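These notes concern the structure reproduced below.
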């Protein structure tokens, strides 16, 4: 039987092992963890804007918003610590054909915080919160564009890849400006300065034009990969939901930008007097086309999930954000078209996203405590 000193040695060894595991977790941390922010943030946004509200729902959204901010800064601190201690890991991450694609999750997760500031804080705190969100949005837009332009070029010049090894994760760095453009539409709608709003939406249209067509190109390549090489490995099968992300968020973004254009263009005498109405109508029309295109990709994803078992990993957060932004387009169409059908669909999708968030968040916490996600 161990003596008192023996027990002390055992405890010290256990403490050292725990510290070693913590450092291993930090060392193995990668940008994909910011998908937790994406999923948590979009769930808060959906609950805050649910077409059919009930008492207390707003407070649930506020709790998720606060939780999302805490998680974001926690992950940001870990990331800074990781790259400060091991600078070579940053270069290794950029050179990694999979981890570099996950860089897009950082600005997209940040965008959900900006949107929540508009939806939750501005009605309470007033115009200064809108201006604060506007400043944050410029940071998010800059990072999103940098990632969208840089990472695909790395894919062309540095990464070793093939059609067979491709997954829908190729979309992640490209979707970041789509999310930023949609977020810009939300922020611009809250700005009282029409000139600032005009500048914002014009930048958003350019970002949308940079990213959405390129995302369509990736979708064509991805469909070819599926047709020639069949479904992706089961470990990455949840990524089958990613294609509905740019379609849903792109559609929502165009509608939201159109709403702001219809208000701001006539006030500033920008283009023709009818220009704002044209932007609004064309945005709604293109959004419907994109939403319909998203439906068939949603079907492909759901059908893929039935083809066999797949086990939990951090990629399961793709159950939340892509469907979540598709839902924002759905609820926005319900609002703009005054359609009960889209309101009901948006509510249904929102409930599904919230349920998926509860499941994936619980599994993430459990697997993090057991250190399984850091191995």
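Keep in mind that glycine also has a Cβ here, set from the backbone N, Cα and C atoms.
Residues annotated as N-linked glycosylation site in Swiss-Prot: 193. Cβ neighbours of residue 193 (N-linked glycosylation site) (same chain, under 8 Å, six or more residues apart in sequence): none.
For 1-25 (among others), the entry in Swiss-Prot reads topological domain 'Cytoplasmic', with the evidence type sequence analysis.
According to Swiss-Prot, the topological domain 'Extracellular' annotation covers 47-59 (among others), on the basis of sequence analysis. Here the topological domain 'Extracellular' (47-59) has Cβ contacts under 8 Å with residues 116, 119-120, 328, 331, 334-335, 343-344, 346-347, 350, 354 of the same chain, all six or more residues outside its ends.
If you look up Swiss-Prot, you'll see 81-101 (among others) marked as topological domain 'Cytoplasmic'. Confidence for the topological domain 'Cytoplasmic' (81-101), expressed as mean pLDDT, is 91.
According to Swiss-Prot, the feature topological domain 'Extracellular' maps to 123-135 (among others), an assignment based on sequence analysis. Mapped onto DSSP classes, the topological domain 'Extracellular' (123-135) shows 12 helix, 0 strand, 1 coil.
According to Swiss-Prot, the feature topological domain 'Cytoplasmic' maps to 157-167 (among others), an assignment based on sequence analysis. In terms of DSSP secondary structure, the topological domain 'Cytoplasmic' (157-167) contains 1 helix, 0 strand, 10 coil.
Marked as topological domain 'Extracellular' by Swiss-Prot: 189-200 (among others).
Look at Swiss-Prot and you will find 222-234 (among others) tagged as topological domain 'Cytoplasmic'. Proximity of distant same-chain residues to the topological domain 'Cytoplasmic' (222-234), defined by a Cβ-Cβ separation under 8 Å and at least 6 residues beyond the stretch ends, is recorded for 163-164, 166-168, 170-171, 240, 243, 300, 304, 307-311.
Sequence annotations record features per position, and here Swiss-Prot assigns topological domain 'Extracellular' to 256-277 (among others).
Beyond its flanks by at least six residues, the topological domain 'Cytoplasmic' (299-309) meets 226, 231, 234, 237-238, 240-241, 243-244 of its own chain at Cβ-Cβ distances under 8 Å. Residues annotated as topological domain 'Cytoplasmic' in Swiss-Prot, with sequence analysis given as evidence: 299-309 (among others).
The topological domain 'Extracellular' annotation in Swiss-Prot covers 331-343 (among others), and the record cites sequence analysis as its basis. Listed by sequence, the residues of this chain that lie at least six past the ends of the topological domain 'Extracellular' (331-343) yet keep a Cβ under 8 A from its Cβ atoms are 46, 49-52, 251-252, 255-256, 259, 284, 287-288, 291, 350.
Here Swiss-Prot flags 365-375 (among others) as topological domain 'Cytoplasmic'.
Per Swiss-Prot, the feature transmembrane segment maps to 26-46 (among others).
Here the transmembrane segment (60-80) has long-range neighbours at 26, 29, 31, 33-34, 36-37, 40-41, 43-45, 47-48, 109-110, 112-113, 116, 119-120, meaning same-chain residues at least 6 beyond its ends whose C-beta is under 8 angstroms from one of its own. Residues or ranges marked as transmembrane segment in Swiss-Prot: 60-80 (among others).
Below 8 angstroms of C-beta separation, residues 30-38, 40-42, 44-45, 48-49, 61-62, 65, 68-69, 72, 93, 129-130, 132-133, 136-137, 139-140, 143-144, 147-148, 151, 169, 172-176, 179-180, 182-183, 186-187, 189-190, 321 of the same chain, each at least six residues beyond the ends of the transmembrane segment (102-122), sit close to that stretch. What Swiss-Prot records for 102-122 (among others) is transmembrane segment.
Taken from Swiss-Prot, the feature transmembrane segment applies to 136-156 (among others), supported by sequence analysis.
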Feature contact check the transmembrane segment (26-46) with the transmembrane segment (344-364), CB under 8 Å, 3 or more pairs: yes
Same-chain residue ranges lying at least 6 outside the topological domain 'Extracellular' (123-135) that approach it to Cβ under 8 Å: 114, 117, 187, 190-192, 196, 200
Remote residues contacting the topological domain 'Cytoplasmic' (365-375) - C-beta distance under 8 A, at least 6 residues beyond either end: 21, 24-25, 28-29, 312-314
Same-chain residues at least 6 beyond the ends of the topological domain 'Cytoplasmic' (81-101) whose Cβ lies under 8 Å from its Cβ atoms: 26-27, 29-32, 151, 154-155, 158-161, 165, 169-170, 172-173
